[in-house]
Structures are given as structure tokens and as C-alpha cells.
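Participant: According to TrEMBL, the protein carries these features:
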type     : residues : note
DOMAIN   : 79-138   : domain 'Potassium channel'
DOMAIN   : 168-246  : domain 'Potassium channel'
CARBOHYD : Asn77    : N-linked glycosylation site
TRANSMEM : 6-26     : transmembrane segment
TRANSMEM : 86-105   : transmembrane segment
TRANSMEM : 111-131  : transmembrane segment
TRANSMEM : 157-177  : transmembrane segment
TRANSMEM : 189-207  : transmembrane segment
TRANSMEM : 219-242  : transmembrane segment
Amino acid sequence: QISWTPLLVLGYLFYLLLGATVFQLLEKQAETHFRDQFQLEKLKFLQNYTCLDRQALEQFVQVLMEAWEKGVNPEGNSTNPSNWDFSNSFFFAGTVVTTIGYGNLSPSTVAGQIFCVFYALFGVPLNLAFLNQLGKALNAHLLTLERWVQKPGRAQVRLAIFLTTGTLLFLVFPPLVFSYVEGWSYGEGFYFTFITLSTIGFGDYVVGTNPNKHYIPVYRSLTAIWIVFGLAWLALVFNVGADLMERYLQLKWHKSDLSLAEGDTTKLEDEPEQPRIHIPS
């Protein structure tokens, strides 16, 4: 029996090619527009401030970029809250062990970088074990995912309740909170929510980083706790989706194999019986 793995590989590659094509169509033109607009703003700045030349402006832009890479927001002044107070450090530790890695903040000292390596080395397996136990706890109250997928009736209802409740708690309501606190639109909050809980973590939207807003001290710590439980829920959803997709592909492939086998059998049955030639001994 031929394995269905090549079909999955081809589907995976096709999905990546499709995504690359769509992202290029949607984003490339906007990027060109923003790049041209940025160059125009630099020219206007040089025209308004004739005491500066292009080289000095480029050096200042480089300083701004280096500050941003080090986690320092160029907006505001020196009174901006520290990125490494306990609440922010707790949030950063959570992004390390969950492998979200927003990229807007990272250790700048050699000692901090080395500690981060060993902290992640032991923290990532610990986080996986914790999420695994958390997933088992959810399954204990809501039946196992295997029963949800296979059995009809009440199991299907419980699966629907589980998905609906989790969607409201982790994908629908949190963007409302982030929109209110951060000043984002609901779409931006929803985008941040999913990108975070799926551990993609681009870093273009991060909570608690606006220097013009005053956050409560435990805001980012509470967000980190919400992320942990959201990760466990979304991981279960992804596991269900992967299981259903794998079974569907296996079923389709198995049916095609059966149809081919039945076709060969039918062909043999339809062929007229050939005359037998008896050779005397």
C-alpha cells in the first residue's frame, strides 16, 4: 500500500507557495509606498533644518534603530518606565519559555544572553510539560479529544461547548481589553491575540510598550498568565485540527487505493475466459 505522506508533503509545499504569493500581492505595494513616504519625509526634514546634512541625519536614524533594537522606545523621554522592571521581566521570561519571542526586547549584556540560553534550555521543556499537564486537566473535565472526534451525540456537544467557550475567553474578549488599554482597533487586538497564542510572535504589536500610556504594574504579568492558559487551549485546538486533517487524508488515500484495487478485480472478472489447451502427456 502506497503511503499518503507524499500527498501531505506536496500539500504542505503548495500551502507555503500559496501563502508567499498572497503575502507578496498584499504587502509589497504597501511596503514600497511606506518606503517612498519615509524618504520624502527625510528630504523635507533636511530642507527645514539646513544645519543638518544627509550623513548626520542617517547617523541619527541609525541611533534610533539601535535604540529600538535594544528595547528602548525612541518616543518620550528618559522618564519612560524601564523595560526590565519585575513586571516586564516576568513577561519577558514567559515569552522565552513559551518560544513566542516577540523580538522587540532581548538581553543586551553578555551575562544576560548566556543566562537566557540556559534559562530557555531548561524552561522550554518545563513549559511543554506544564502545558501537557494543563491539557490533560482540561481533557479530564471535557472527555478526551479522541472521544470528541469519534463519538457522536453528547461528545459532539461538549466539543462545541469547549471550542465556543475557549474562543470567547481567548480570542474574542481579550481583543476588547487590548483595544481599550492599548488604543488598538479590534482587528489589531485580534491579530495580536492569535499571533501571540500561536507562538508566532512577530513583535509588531506588544502590550505595555506605549510610553504615552500609564499601565497598572501587574498588567503585563496578568497578560503572561493569560497567554499560558491560551497556549494550552489553542494547542488542543491545533491538535484536533491536525488529527482531523491526518485522518481525512488517510481516508481519502485509502479509498483511492480500494477503488484501484476494485477496478483491477472488476477488470479481471470482465475478461472472457481464455480457452485451455490440453497437452497430452
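Our numbering is plain: 1 for the first residue shown, then up by one each step along the chain.
Cβ atoms are placed via backbone N, Cα and C, with glycine included.
TrEMBL: automatically predicted annotations, no manual curation.
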Participant: Helix, strand, coil: count each for the residues of the domain 'Potassium channel' (168-246), based on DSSP.
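Facilitator: So the domain 'Potassium channel' (168-246) is made up of 55 helix, 0 strand, 24 coil.
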Participant: Restricting to the domain 'Potassium channel' (79-138), report the mean pLDDT as a whole number.
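Facilitator: Mean model confidence (pLDDT) across the domain 'Potassium channel' (79-138) is 86.
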Participant: With helix taken as DSSP H, G or I, strand as E or B and everything else coil, how many residues of the domain 'Potassium channel' (79-138) land in each class?
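Facilitator: Tallied per class, the domain 'Potassium channel' (79-138) gives 41 helix, 0 strand, 19 coil.
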